[in-house]
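This report concerns only the one structure given below.
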């Protein structure tokens, strides 16, 4: 049974909607990582997915299927090849972004080396599928009409590789999180983000069902839905954990008291504890307040240098291993030695 083809307006709304969401999440992700100076290979593949999807979306909006028969053969061939290969590149670039993110989260171990091998395998799968789709299209005259009928073997092979890739993107994080000491809320958040790949699997199955039943009008729409979901899911890991940290930080750290009250309490407490160091504490309390963020590969700590929290700091001895935040305007006056507080550690993304 052939379904009624969707209108041109429906096509444009679906393509534009999913492309807008995917582009917005990708841009926010890249800006966030760039500002934190934490750009890595997963961001490179996220950028590749965005650029490839931008090309596919623009081609489909400018050259819709409804009026493709009125175009020349060269234009039809260009549209077919661009969308055909661009779709594959977008989908696997988004998967590679998630696969490399898994490598980034795992500490150095045999599982990390295995995750690296899987990421390389994803790249090999993309190249193999692109070559297979390009050279094994059935029909010898497809270049003349700009249409290639995909063989059933290609469809089943693509569906199998998509399922294998998405299952790894769901199963590997579940195994990794089961052996990681995280709070239950943060563990659940990461698991839900990775599990969102299930929606990509579902859209992929629907996409290949339309291919097998020769529903050409719906193949392009479902493909754009699949691409938009794949890119959005690959960005959720970064954006979701960032929003979680922002909300958690605002709940755990309410607004601090006024600077005057804070400095007064600091001078009172320090005069009782240090006595002779009172003048030094008075000088330190007049310095502007700063916020330091200590980062490691897998943890982040926030250390406010408010004068109310002098108990967090101590005057550092002259030892090169101590961390100093800077020097005051007066020569010879050293500022703070930061002690690491016992707060929950979260994977840095």
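Yeah, the Cβs are placed from backbone N, Cα and C, and that goes for glycine too.
Here the structure is a predicted model, which means the values were calculated and not measured.
When Cβ-Cβ distances below 8 Å are used as the criterion, the transmembrane segment (12-32) is approached by residues 39, 43, 46-47, 49-50, 53-54, 57, 60-61, 64, 221, 224-225, 227-229, 231-232, 235-236, 238-239, 242 of the same chain, each at least six residues removed from its ends. The transmembrane segment feature in TrEMBL is assigned to 12-32 (among others).
The domain 'Rhodopsin' annotation in TrEMBL covers 28-213.
According to TrEMBL, the feature transmembrane segment maps to 44-68 (among others).
Taken from TrEMBL, the feature transmembrane segment applies to 80-106 (among others).
The transmembrane segment annotation in TrEMBL covers 118-136 (among others). Within its own chain, the transmembrane segment (118-136) is flanked in space by residues 81, 84-85, 88-89, 92-93, 95-96, 99-100, 102-103, 150-151, 153-154, 157-158, 161, 165, 168, 172, which lie at least six positions past its ends and keep a Cβ under 8 Å from the stretch.
What TrEMBL lists as transmembrane segment is 189-213 (among others).
For 219-244 (among others), the entry in TrEMBL reads transmembrane segment.
Sequence annotations record features per position, and here TrEMBL assigns region 'Disordered' to 253-275.
Long-range Cβ contacts of the transmembrane segment (44-68) within its own chain (Cβ-Cβ under 8 Å, at least 6 residues beyond either end) map to 5, 8, 11-12, 15-16, 19, 22-23, 26-27, 29-30, 75-76, 79, 82-83, 86-87, 89-90, 93-94, 96-97, 100, 146, 216-217, 220, 224, 227-228, 230-231, 234-235. Residues of the same chain lying 6 or more positions beyond the ends of the transmembrane segment (189-213) and with a Cβ under 8 Å from any Cβ of it are 98, 150, 152, 155, 158-159, 162-163, 166-167, 169-170, 173-174, 177, 182, 219, 222-223, 225-226, 229-230, 233, 236-237, 240-241, 244, 347.
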